[in-house]
Each structure stands twice: as C-alpha cells, then as structure tokens.
There are 2 protein chains.
Amino acid sequence: MEHTNIGKHISEKFDEELEGVRNAVLSMGGMVEQQLTDALKAIQTTDVELAEKILRKDSQVNDLELEIDSACTRIIAKRQPTASDLRLIVATLKTIADLERIGDEVKRLARVAQETFNSEQQHLLVNLENLGQLVVNMLRQALNAFARMDAEAALEVHRTDSSIDRQYEALLRQLMTYMMEDPRSIPKIMDVVFSARSLERIGDRCQNIAEYIIFNVHGKDVRHTSADSMEATIKNKR
Amino acid sequence: MEHTNIGKHISEKFDEELEGVRNAVLSMGGMVEQQLTDALKAIQTTDVELAEKILRKDSQVNDLELEIDSACTRIIAKRQPTASDLRLIVATLKTIADLERIGDEVKRLARVAQETFNSEQQHLLVNLENLGQLVVNMLRQALNAFARMDAEAALEVHRTDSSIDRQYEALLRQLMTYMMEDPRSIPKIMDVVFSARSLERIGDRCQNIAEYIIFNVHGKDVRHTSADSMEATIKNKR
C-alpha cells in the first residue's frame with residue numbers, strides 16, 4: 001500500500017476522487033476477469049446461454065471505460081495534477097483502454113462458445129483450457145499489482161508472458177497437426193486457433209498493464225525495454 | 001484547419017508545444033504508414049532485406065511514441081490545459097498508442113515476408129494485396145483526418161472498417177478452402193491467415209483513431225455507439 005499515490009493531499013476531495021477512480025478500475029478489472037472466466041467455462045461446456053450472457057454484459061465493461069475515462073479527464077482539468085498524481089491518471093487511462101480490449105477478446109471467445117462442435121471436435125476445446133488458466137491467472141495478478149501499485153509484482157506479471165507465448169505456440173502446432181489429419185474440420189479448428197490467439201493477445205495486454213504500473217511507481221517508461229533493464233529500474237529504484 | 005485547437009492561446013509557447021506534438025504524431029503516423037506499405041511490398045516480392053529493414057526501423061516508431069507520450073504529460077503538468085486543449089492531448093495519447101500497435105502488426109507482417117514460400121504457395125500472398133491496399137488507404141485517411149482534425153473525414157474512415165471486415169472474411173474463407181485442398185501447405189497458409197488478421201486489426205485501430213478525432217472535435221465520446229448516432233453527433237454538432 002505504501003506505493004499508492006493516495007492519501008497525501010491537502011484536499012480530501014482530491015484523495016476521494018483518486019480513490020474513486022482506482023476503485024472503478026478495480027471493478028472494471030474484476031468484471032473483465034469474471035467475463036474471461038465465464039467465457040472459458042462456456043467454451044468447455046459449450047454453454048450457449050452463458051455465452052449470450054457474456055456478450056450482453058460487454059456493454060457494461062464499455063460503459064465503465066467511458067465513465068473512468070471522463071472521470072480522469074475531469075480530474076486533470078479540475079485538479080491539475082503533476083508528478084506522481086498525473087502519472088497515476090495517465091497509467092489509469094491506458095490501463096482501462098487495455099481492459100476494454102481484453103473485453104473485446106473475451107467477446108470473441110464467447111462467440112466461439114456459441115458454435116456447434118461434434119463430439120470429435122469437442123476435445124479440441126479442451127486444449128484451450130491450460131492456456132486459458134494461465135491467462136486468467138496473469139490477468140488476476142496484473143489487477144492485484146494495479147490494486148497495490150506493486151512494481152515487483154508487475155514485473156512478475158511481465159515475465160509470465162513468455163510462458164504464455166510458448167504454450168500458445170505449442171497449441172498452435174498441435175492444432176495445425178489436427179488440421180492436416182482431418183481437413184474437413186478446418187473451419188472448426190480455425191475457431192479454436194483464433195480463440196488461442198485471443199488468449200495470447202490478452203496476455204500481451206496484461207503485459208502492457210504491468211508496464212503502466214512500473215511507469216507509475218518509478219516514473220520511468222519501461223515500454224520497449226528488455227526485462228533486465230526493467231528489473232534494474234525496479235531494483236535500483238532509478 | 002478551422003477545427004484545430006491551435007492558434008488561440010495567449011502563450012505562444014503553448015501553441016508551439018501543441019503544434020510540436022501534432023507534428024510529431026504526423027511524423028510517427030507517416031513512418032508507420034511507410035512501414036506498412038513496405039511490409040506489403042516485402043510480402044509480395046518476398047524481399048527478405050526489406051523485411052529486415054522494417055523490423056529494424058520499428059524501434060524508431062516505439063521511440064517516437066515514448067517521446068510524444070512524455071511531451072503530452074509535460075504539457076499537462078506545465079500548462080494545465082482544460083476543455084478542448086486537454087481533449088486534444090488525451091486524443092493524442094490514445095492515437096499514438098494505436099499507432100504503436102499498428103507498428104507491432106506491421107512487424108508481424110514483415111516476419112511473414114521473411115518466410116520461404118514455394119512457387120505454388122507464392123500466389124497465396126497475392127490474396128493479401130487487395131486487403132492490404134484497403135488498409136493502407138484507411139490508415140492514410142485516418143492520418144489526414146487527424147492532421148486536419150476533421151470529424152466528417154473521421155466518420156468516413158470509421159465506415160470503411162466494415163468493408164475491410166467483409167474483405168477479410170472472404171479472404172479467410174478462401175484460405176480455408178486452400179487448406180482443405182492442400183493440407184500439407186497448412187503451416188504456410190496459416191502465415192497468410194495471420195497476416196490477413198493483422199491487416200484486419202490495423203483497420204480496427206484506424207477506426208479507434210477516427211473515434212478519438214470525433215471525440216476531440218465534438219467533445220463527445222462516440223466509442224461504443226452506432227454509426228448513426230456518431231453521424232448525428234457530427235451533423236448536429238451536439
């Protein structure tokens with residue numbers, strides 16, 4: 001908690017506003033995480049109704065993004081924040097953009113859950129389960145790191161992405177083998193391929209969120225730098 | 001030009017800063033557009049050297065994003081902009097994030113240009129050409145709309161996306177047919193599928209940029225609204 005920028009302003013109202021935005025981001029994150037968990041469940045159980053529910057709920061995620069977005073702009077205009085407060089707001093604006101896009105990927109997953117698969121194709125969906133679990137964990141950890149503004153936890157999240165990429169590559173090779181063995185199933189297998197890719201993209205977006213957290217905590221933009229240099233930033237508190 | 005927020009500040013220095021940021025966004029956009037054009041050329045001619053050049057140049061795109069990003073944050077901290085100036089800066093921050101991600105998709109395209117295709121597979125790459133041209137045009141128009149802060153032009157850009165989606169879907173069906181006919185080529189065809197998807201994603205990002213322009217000009221967030229309501233926003237200047 002010592003890393004948060006909250007609780008040091010003369011204006012209590014300003015503190016409340018920042019805390020309000022932070023809570024809204026966590027609500028939005030929690031909603032997206034639940035949507036992702038539900039989408040994976042809907043795929044595994046080919047639960048069309050659950051998929052429908054997910055698709056309907058996406059507009060709530062979008063609404064939250066717009067709300068937080070304008071709350072941030074209002075705070076900038078009214079409070080004219082500088083230094084760490086401004087960094088927090090910029091990091092928030094970027095985080096919600098990524099959360100919203102994660103919501104879009106979840107929608108793609110939900111649409112796949114609405115497709116019909118025969119019993120032979122059904123087992124293909126099982127292949128998504130491991131990758132899906134890794135990605136749900138990554139998202140959860142990214143949100144936890146955001147909640148505590150914990151740069152070290154964010155660095156951990158950032159590192160996770162390479163194992164997700166490896167798992168995705170392996171799954172892709174496996175799915176291509178299925179396609180070669182059973183060409184008639186290609187359209188269905190392509191749905192699974194795109195679902196895997198959506199999961200991989202969600203991992204990329206969690207990595208983005210991790211970078212914004214590190215930027216917010218250390219005031220140094222670590223995007224496009226190596227993991228080593230990112231670690232140096234955090235350890236040396238440069 | 002009458003729509004730009006520039007040229008009405010008492011502080012000439014502030015005007016210069018805003019103009020500087022605007023020019024930097026256009027430079028970044030121009031660079032990304034050139035990278036995309038080059039990537040499509042590299043794919044059509046399987047020009048490995050050009051692809052290598054594109055991959056090397058991506059770091060310049062990333063550097064520009066970081067520069068513009070911190071210039072925007074500095075302006076917010078120093079000038080404490082409100083209303084339309086603040087909207088312009090927020091729209092800029094979002095636009096450069098999308099431009100940078102377009103750069104990432106271009107990198108994926110360049111990597112495909114580095115693959116080896118036999119003469120039979122080569123013709124698959126030709127299929128990307130139409131979609132690629134549509135997307136290059138869309139990006140160019142999005143950048144032009146940004147340069148002039150022209151909401152009507154942005155709406156046109158926004159509308160283009162549905163024709164790109166249709167073209168993408170048609171291409172995808174065609175590629176799946178190829179896969180079914182020649183399963184051994186599946187890994188190569190998948191490269192083309194992912195390239196097509198990268199192009200389609202670039203179209204989505206141009207659509208985002210169009211939304212930021214409309215937001216900037218009209219002060220109304222049009223994301224997640226229908227094309228009709230977007231049009232109403234622009235025509236009625238609500």
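The backbone N, Cα and C atoms fix where each Cβ goes, glycine too.
In TrEMBL, annotation is done automatically, which means it is predicted and not curated.
The domain 'PhoU' annotation in TrEMBL covers A:26-112, A:129-213.
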> Which value does the mean pLDDT take for the domain 'PhoU' (A:26-112) in this predicted structure?
Replying inline: 94
> Where DSSP helix means H, G or I and strand means E or B, what are the helix, strand and coil counts for the domain 'PhoU' (A:26-112)?
Replying inline: 81 helix, 0 strand, 6 coil
>> Summarise the domain 'PhoU' (A:129-213) as counts of helix, strand and coil residues per DSSP.
In response: 82 helix, 0 strand, 3 coil
